[in-house]
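Below is one structure, written out as structure tokens; the observations come after it.
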Amino acid sequence: MKSLSLLLAVALGLATAVSAGPAVIECWFVEDASGKGLAKRPGALLLRQGPGEPPPRPDLDPELYLSVHDPAGALQAAFRRYPRGAPAPHCEMSRFVPLPASAKWASGLTPAQNCPRALDGAWLMVSISSPVLSLSSLLRPQPEPQQEPVLITMATVVLTVLTHTPAPRVRLGQDALLDLSFAYMPPTSEAASSLAPGPPPFGLEWRRQHLGKGHLLLAATPGLNGQMPAAQEGAVAFAAWDDDEPWGPWTGNGTFWLPTVQPFQEGTYLATIHLPYLQGQVTLELAVYKPPKVSLMPATLARAAPGEAPPELLCLVSHFYPSGGLEVEWELRGGPGGRSQKAEGQRWLSALRHHSDGSVSLSGHLQPPPVTTEQHGARYACRIHHPSLPASGRSAEVTLEVAGLSGPSLEDSVGLFLSAFLLLGLFKALGWAAVYLSTCKDSKKKAE
């Protein structure tokens, strides 16, 4: 009985895992509106359905209501693992026309410029983005929608390109690892049989977008001979198929490694997989950061007499990136009433100081107003907020000492003890010297 319960629990767990994530992805079909800009129409991807018929969608054009068949499983697997609390993904569909790759280094993928007849027909490019993934898929829909029992169009996934790190954040000076995977299934048996058994040749391209232009960082065509552009900035890619099944489907890896990231390397990265006449591309946004260090001067005590202003306080905020988004706040903690409040006084910030590693530093200044006796023991704090820090920020503080209201400090007590110890030793030494001299005089008198 226990084993039956265990099997039931495992089955329920597996069913939950399989059914996780959205079953339907709402999309927008985007097309050119005959010179009047872009037109958008609603569509949807039905990734899976329960028992029975697909849910009817009378609000959609049947050609844009797609029941997705994914032989390689990459598209559906990405959404089975989609976190429940994550925002809904943004999805766009558009027409796609199979063409040879335009880059010269990828010309070996398509020796014949004419697209094979096996790739004729309608194609759709689906681009999906969210905080947890960026995905591009090529779908081949059936020519006509299925009429019964629900108006819906069957579509087969041919190529999927995917990253699970669409917005990587890398600490300044550390290596960036941008993951990329892809999956391919030949669209027809004729297309598969026209090629040699095993996965087809492919091209991998990584670019960084800068001022509207793509800067090529790395290009590779594993298994093909030919002159390739040299990799830039020490970039390396793990470009290979994961398996060598004779007829597919196949999965591959195009993960990108960039060493010792600097600020100029942040921005938009475009990863493209080229197959013969087919392409898929995803976008990643790389952000570089370095959390600031904070220190306060004077470091321990700020002394002032009643009615006098304490010395100027200097908050050093050092070696951080990016330079924007920094806030410096001054607080008075433990003042009258024991509460924390915004510190009064004149405050200003210095200009940014730039360092060789791309980070910056600045200093915040506060000239407090004259103090009162009630403020003795209060603490001035410099709190900083920066995009690289938690919401609470980071702070440093110094204690305010009002003259005449405090007993001797620990340092003073230690000094007094040492002084007393030295005086005691001196007195004892003088006493021993006096006794010695007296003894010597008595000895001389007896000798005479």
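These residue numbers are counts, starting from 1, taken along the chain as shown.
Glycine residues also receive a Cβ, built from the backbone N, Cα and C atoms like all the rest.
Of the listed cysteines (Cys115, Cys315), only Cys315 is recorded by Swiss-Prot as the disulfide partner of Cys382. The cysteine that Swiss-Prot pairs with Cys91 in a disulfide, picked from Cys27, Cys115, is Cys27. DSSP labels the residues of the domain 'Ig-like C1-type' (292-399) in these numbers: 6 helix, 54 strand, 48 coil. For the pair formed by Cys91 (disulfide bond) and Asn253 (N-linked glycosylation site), distance between Cα atoms is given as 24 Å, rounded to the nearest Å.
Each of the disulfide-bonded residues Cys27, Cys91, Cys315, Cys382 was scored by the number of other CB atoms within 10 A of its CB, and the lowest score belongs to Cys91. Cα separation, Cys382 (disulfide bond) to Asn253 (N-linked glycosylation site), rounded: 47 Å.
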